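Report on the structure given below.
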């Protein structure tokens, strides 16, 4: 199917520069009058985040170009794209296989091994590891150590935003708001300037959750995607955010980059330390 506005997802378990540059080099071979966009998704080391990225790619009918050295992650991309009819191009596996065949050696399969491990890079890795460790309220102690805390109900982009901000060396913890589960006391022990509330429209949540259930092979009639349940969760989250006194961002129809930009602006306005984005 021909598309007027081509979108390419450059997906990597490292920085993603290779996938992005290859995509740019290929695009330069065409006289493109129409607009196109290359979106880079680095550090795809979390299966859940990777799956969510693939779901977004499907929604945008994007071409996926990826440099993943982890065989399991490669398999996830291949299976998803085959099932959903998406086009994807693996830039590394065939080359690794041929080199292995000719040399008799096995690849290390370490993401980002070519990179220079300088201080800034280690800070970024630390922030990413922090985001993974304290994702989805796994350990409330992370709330006390984080530069910023995201709160919101399921499917309000907490995890992808945490990873995106981590790539700017910002340590982010996110806390899910569920009516049946008490919010960690640590949330009320920190400066509210560090907390950002996330919400979404009921219709969008219903759509996203239904797609999520389908991707997991579950019934779309589950309570998770029920509109009445969603409204209940939204009311609960609104009440909690008012108690906290934090700013709230509606992520409906917003790209991750756009929402992250709003968060960074709020951090600046609140006088919180902002880490300069590292150009790599």
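Note that Cβ sites are derived from N, Cα and C of the backbone, with glycine treated the same way.
Per Swiss-Prot, the feature ADP binding site maps to 152, 153, 154, 155, 156, 157, 158, 159; the stated evidence is sequence analysis. Note: residue 159 (ADP binding site) has non-local neighbours 46, 48, 49, 52, 135, 136, 174, i.e. same-chain residues 6+ apart with C-beta under 8 A of its own C-beta. Under DSSP, residue 159 (ADP binding site) is assigned to a helix (H, G or I) in the three-state scheme.
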* Asked: If H, G and I count as helix, E and B as strand, and all else as coil, what does DSSP give for residue 153 (ADP binding site)?
  -> coil
* Asked: Here are some binding-site residues: 154, 156, 157. Which one has the most Cβ atoms within 10 Å of its Cβ?
  -> 156
* Asked: Given the recorded ADP site (152, 153, 154, 155, 156, 157, 158, 159), which additional residues of the same chain have their Cβ within 8 Å of the Cβ centre, ordered by sequence?
  -> 174, 176, 198, 200, 251
